[in-house]
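> I'd like to ask you about the structure that follows.
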Amino acid sequence: MSTVVLLAGSPSPQSKSSLLLKRASQVLSGFGIQTRHFQLCDFPPADLIEARWDSPAIKALIDALGASDGLILSTPVYKAAYSGALKTVLDLLPERALEHKAALALVTGGSPAHLLAVDYALQPVLSALKARHIVGGVYASERDFVTDEQGRATPGDAIVQRLDDAVGRLIAHLPNPGNVLLQAGQLEQRVSHALISV
Ligand SMILES: Cc1cc2nc3c(=O)[nH]c(=O)nc-3n(C[C@H](O)[C@H](O)[C@H](O)COP(=O)(O)O)c2cc1C
């Protein structure tokens, strides 16, 4: 049985990037893949700001990653990169925290202009953590979400499709897919659609 760690990197309680992560979690569950969820508020701010390497909360994340096959992280674009709070968490991970694992980044930005943040900001940090496979990430801007009369945002159909495809690529790259059931040819198709593999 595969396990994937989900790390939500937005400080916002009404987070659009976390909505993408929630959808990814549903897709993984649909394939029988276990998930472990972490968000910024799981980590005491003092542990992050003072870079406490012995933080129990960080140790829980490290242990979960160690027992997992992959990581999906979500983050807003902040100042053309990812959230600084997420960086303080990632900085406390060991250098090889993602060794042998597949990784996927889900990013939301106010405009489509910072689409490339997925490649120039997220991909290097996932590489630095030695991820085996970094599958092509997903970037959604404001216009990819539908807002209802109460002001609640949900991902639109097009972004949901791109997200599902990306999670499929991640599943295809899990080192230990276990008893994940894929129809004939589906796995190969997903591998061939993977955009980045290191
Ligand atoms: C401090 C801050 C910096 C931001 N910088 C950018 C930016 O450089 N480019 C951009 O497209 N959007 C930027 N945004 C907009 C957010 O990326 C966007 O609203 C995103 O969907 C928020 O995701 P979240 O709801 O998961 O926090 C910024 C927002 C904040 C609060």
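In case you wondered, yes, glycine gets a Cβ from its N, Cα and C as well.
The annotation domain 'NADPH-dependent FMN reductase-like' is assigned in TrEMBL to 3-142.
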> Mind checking how the domain 'NADPH-dependent FMN reductase-like' (3-142) divides into helix, strand and coil residues in DSSP?
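Output for the domain 'NADPH-dependent FMN reductase-like' (3-142) reads 57 helix, 39 strand, 44 coil.
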> Would you report the average pLDDT that the model assigns to the domain 'NADPH-dependent FMN reductase-like' (3-142)?
97
